[in-house]
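*Asks:* Dropping the structure in here first, questions after.
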Ligand SMILES: Cc1ncc(COP(=O)(O)O)c(C=O)c1O
């Protein structure tokens, strides 16, 4: 039986993407060779890379606006340090909204001053700080648009003169934003895009070249841009599968179409959390994520029964992260409304039984 996959990442990908990717592993474009045994410099793979890069910009509405898309390695965690290495000359600002922001802050401190413009650590990151002020003269302000572990999401981005850098690992391509307000966006592939191994970086070229330090080639955005994201052997399978997912998203009508479905899915699960007396939400209502819903059982004695019912319904991956506990339903682009309906049915069945 195919599982209803609510895993936080790596996570569900569209079935048709998995099928095409597995076919390409056996025989790529009818070449008689596998995608993963051909040269990354071959015409067929160079086309894949170019297609993936231009699709990313097209879907984000960032074509012809001075942006470049790169597929790099090292995960989003590598971007915690690459952003600072390339952009932090004297002083940066960070909004601390959870584990991933905290890790980004730790890396940035190796390169210059970090001003924490706001933090929700006081309440175990169950909300997004608001009303904070952003000091003048920052090299950039770093945000995490969606906090995968805590289930919070920034709804309104700050207006500031500082360049905006955003970790969108867990909500890229899921909701329509004016992406041109950001100067650098990064996202590990393994949520809404593809398998782990590639990280999408979308960067406005004119923010580069402002730091006075030598940057090792592999960590230098300018080097990767000058080599069309092929400075070294790219993660070919991850890039190819990301390209397939981007084609899938485009064929579905792009971000605005998927956003409608994503809203229905999250509304369904949050209304059950709010109406069912056996459950309580973790994140503050106004900051709830449309991608990761975090919740708890009010009475922990029901855990065994609930967990058994979840398993019997073929639901996978809803255990909460260890720093929050409880449950987390991750509802990325490829998860169907039907799967969310199954989870909600199990939650209401628990109430009927109870
Ligand atoms: C928001 C966010 N940022 C960064 C990361 C770290 O990504 P990676 O494991 O690709 O380094 C994650 C991982 O889940 C994440 O959710």
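The backbone N, Cα and C atoms fix where each Cβ goes, glycine too.
Predicted automatically and left uncurated, TrEMBL annotations should be read as such.
Residues annotated as L-glutamate binding site in TrEMBL: 41. Annotated pyridoxal 5'-phosphate binding site per TrEMBL: 76, 77, 100, 148, 167, 190, 232, 233, in sequence order. The domain 'Aminotransferase class V' annotation in TrEMBL covers 5-340. Marked as N6-(pyridoxal phosphate)lysine by TrEMBL: 191.
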*Asks:* Give me the non-local Cβ neighbours of residue 41 (L-glutamate binding site): same chain, 6+ apart in sequence, Cβ-Cβ under 8 Å, ordered along the sequence.
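*Replies:* Once residues fewer than 6 apart are set aside, residue 41 (L-glutamate binding site) is near 230.
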*Asks:* Identify which of the following binding-site residues, namely 77, 100, 233, place a Cβ less than 6 Å away from any atom of ligand 1, and list them by sequence position.
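*Replies:* Cβ < 6 Å from ligand 1, in sequence order: 77, 100.
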*Asks:* By a simple count, how many Cβ atoms lie within 10 Å of the Cβ of residue 191 (N6-(pyridoxal phosphate)lysine), its own Cβ left out?
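*Replies:* The Cβ of residue 191 (N6-(pyridoxal phosphate)lysine) has 31 Cβ neighbours within 10 Å.
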*Asks:* At the level of the C-alpha atoms, what whole-angstrom distance separates residue 76 (pyridoxal 5'-phosphate binding site) and the residue listed as 'N6-(pyridoxal phosphate)lysine'?
*Replies:* 11
*Asks:* Where does residue 190 (pyridoxal 5'-phosphate binding site) sit in the DSSP three-state scheme?
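*Replies:* Note: residue 190 (pyridoxal 5'-phosphate binding site) is coil by DSSP, not helix or strand.
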*Asks:* Ranked by the number of other Cβ atoms within 10 Å of their own Cβ, which of the binding-site residues 77, 190, 232 ranks first?
*Replies:* 190
